[in-house]
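According to TrEMBL:
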REGION    A:1-26  region 'Disordered'
TRANSMEM  A:31-55  transmembrane segment
TRANSMEM  A:91-117  transmembrane segment
DOMAIN    A:92-299  domain 'ABC transmembrane type-1'
TRANSMEM  A:129-151  transmembrane segment
TRANSMEM  A:171-196  transmembrane segment
TRANSMEM  A:217-245  transmembrane segment
TRANSMEM  A:278-298  transmembrane segment
Amino acid sequence: MSPTPTLAAPPGDVAREGGRRPRRPLRRSPALTGWAYAAPTAIFVLIFFVVPFLLVGRMSVSDWGLFAGNRGWNAPENFTSAMDDRMFWPAVWFTLKYTVVTTVILLGLSLGLALIVQESTRWNGLLRTAFLVPGALGLASASLLFYALYSPQASPLGFLGIDSFLGTPSAALWSTVALIVWRFAGFYMLLVLVGLQGISGDVYEAARLDGAGRWQVFRYVTLPLLRPSLALCTILCVTGSMLAFDQFYILTKGGPDNSTVTIVQLVYNMAFGGQNDLGRAAALSILVLVALLVVNALQFRNLRGREG
Amino acid sequence: MRTRISRGARRAVAAIAALGLVAAMAACGSDDETPSGSGAVTAEGVDDGAELALWTRAPLELQAKALVDAYNKSHKNQVKLTIVPNDDYVAKVGAAAGSGDLPDLFAADIVYVPNWTKAGLFSDITEHIGKLPYADKLNQGHISAGTRDGAKYVLPFVLDLSVIFYNKDLYREAGLDPEKGPTTLEEFKQQALAVQKLNKPGTYGTYFGGNCGGCNVFTWFPMVWASGEEVMNPEGTKSLLDGPAAQKVYATWRELNAAGAIAPGAKDETGATWVAAFQEGKVGVMPYPATLLATAAKTVDVGLVPIPGVSGGASTFVGGDGIGISKDSKKNAQAWNFLSWLTSEAAQVDVLAAGNSTVSRTDLADNKYSAKDPRVATVNKVAASPQSKTPVALNFQQAFNAPTSPWVSLLRNQVYGDQQKLADDNAAVTGVLGQ
């Protein structure tokens, strides 16, 4: 059966031949199709991000109790009173300290691990898997696991001779850092490893031909070319650490002596820990968001500046 | 093709419109529902086959399930129980209260009840309670915690009392009389030290939650009450935790710590594993939740006495949960049917007492189950003691139970840190209570 002229011919020809009404121009379809593809995600983002975000914004300028609901506009009282909380500055200071410590250790360790398992061999494959396995565990589950490990009654770590893993401020900080490093080092190693494998062998060969030693190759070839991967790791690590909550909530509850209260835990305490003040908690959340935006913007700027 | 799309679109619009209409009708239908409790108030309420939703927190799961099962088997109404993790409960209730979606019935930690009553989360059941022939026999600590401006809002759901548990086997080994637990604070200390002197690997004199505000509210407040003193003023706005008896309590625990008689881990104990060491037979004597008697008795030969004061007395923290009908329930009469049954002999004796839980009616304290186990009789008796209390304060959670509460700072300073900070720390507790 031969194709009919109406099917084979372009729309304009069909019109000229007087068979049917002209079709709508096809150029509109891609836009519609695009919207159709984007719509599910857009709706998802709208419901689960935009609407809650607007609600938090609304709460932050209202006298909004957990049980009492919205009692009216009170800006900027929530912001000022959130910063006046006796735990605000200690929490800010602790969160920054924790962020710096965690980021430095995680970046250094993940880079080291990636360099160790860089070559693709059978043993390195096993090592890569072993390093990555903790990342498959949820953070809350991992925290509970470490809670048991740190328990003086049940801990198999007694041979370390540590009296209390969580009983002093510094012990609580370092015990929590150990958990986070165990949980995330493999994940960041993977990111660095991808970066390492993206570096062309020709670059290394050229460096060796120029007489560069191992340290010089690492310092002047590997590190500069790894910068995008390390920058990504830094941004993720800083953001994650500034939003730390689960691990401290489970391991220390902010103790001992309120020494491990993070800023997000303070938000939680304001909302559900007795103050039952959603307005202040929302205001503090907005402040955290602004701080994160500033930190991330500085990091991006730094990264772009160096790339340029 | 275009025609086909248009037809499809029209069908889709029609379908969405139809669904919307159905949803709207359903919504209208629920709006039209009137509270079933609008009729005459009776002692029994209404048992007409309604489905009732009930929320409670995880620590009360055992008792809540037993009660709901027994009610559902004997009534047309059916209660659907939801157990919520302890740490999520306040957030879940708060979110539901804000959106008007509270269940018909919900229980609340009794120390939060004054705050939640003030927030208007419960319906007034004063008239209903008045119809109960045994209204004056209900635990008055829970009733007064749920009373605001003369109106009553909650009934006792499950009582959780603090008592002293001791390990009879360790007492025998230490040369102590296994039938005589401590009757004064000094005896408590001496008996803990005696067990410690056994020098058994992994075994210690006592234990406490050194980083857990709620644990020490529950176990140290009764030591003050049994000494004839108070922990707060009657309005719950001023802390009295710097009194002579309170100082003696702190000094006792400080001495026990200095003597190495407190099991390791107490300093960072947040409450999660607070009861584990005793249950494993590694602790001689410690204040403990009475609701865990059956569980602890599976592994330890448990001796039980009331919490003593400095020079005697007997007290307990009448904790646990109160239960009320929510502001959002449209089935008040049916919900009251469950609550009135909850206070009946069938529920109190045949379900709670049978399961080794404490009854919340003084006239049922001596029952066939408590007669079998003198320890249960002791718990029931101390629950009714005038020295036993349920503290009432609007900001109780913030002042005492929250991990960052000033009470946690106070107790840690008194046991581990600078004792000279007592006046300042006590003032900080008052500061939060009075907010």
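A Cβ is built for glycine as well, from the same backbone N, Cα and C atoms used for every other residue.
Remote same-chain residues near the transmembrane segment (A:91-117) are listed as 124, 127-128, 131, 173, 176-177, 180-181, 184-193, 196, 226, 230, 233-234, 237-238, 241-242, 244, 259-263, 265-266 (criterion: CB distance under 8 Å, separation of at least six residues from the stretch ends).
Within the same chain, residues 95, 98-99, 102-103, 106-107, 110-111, 180, 184, 188, 191-192, 194-196, 198-199, 203-204, 207-208, 262-265, 268, 288, 291-292, 295-296, 299-300, 302-303, 306-307 sit at least 6 positions outside the transmembrane segment (A:217-245) and bring their C-beta atoms closer than 8 Å to a C-beta of that stretch. Only residues 6 or more beyond the boundaries of the transmembrane segment (A:171-196), in the same chain, are considered here, and those with a CB under 8 A from a CB of the stretch are 97-98, 101-102, 105-107, 109-111, 113-115, 117-118, 128, 130-135, 137, 139, 142-143, 146, 150, 162, 164-165, 222, 225-226, 228-230, 232-233, 236-237, 240-241, 244, 247-248, 251-252, 255-256, 259-260.
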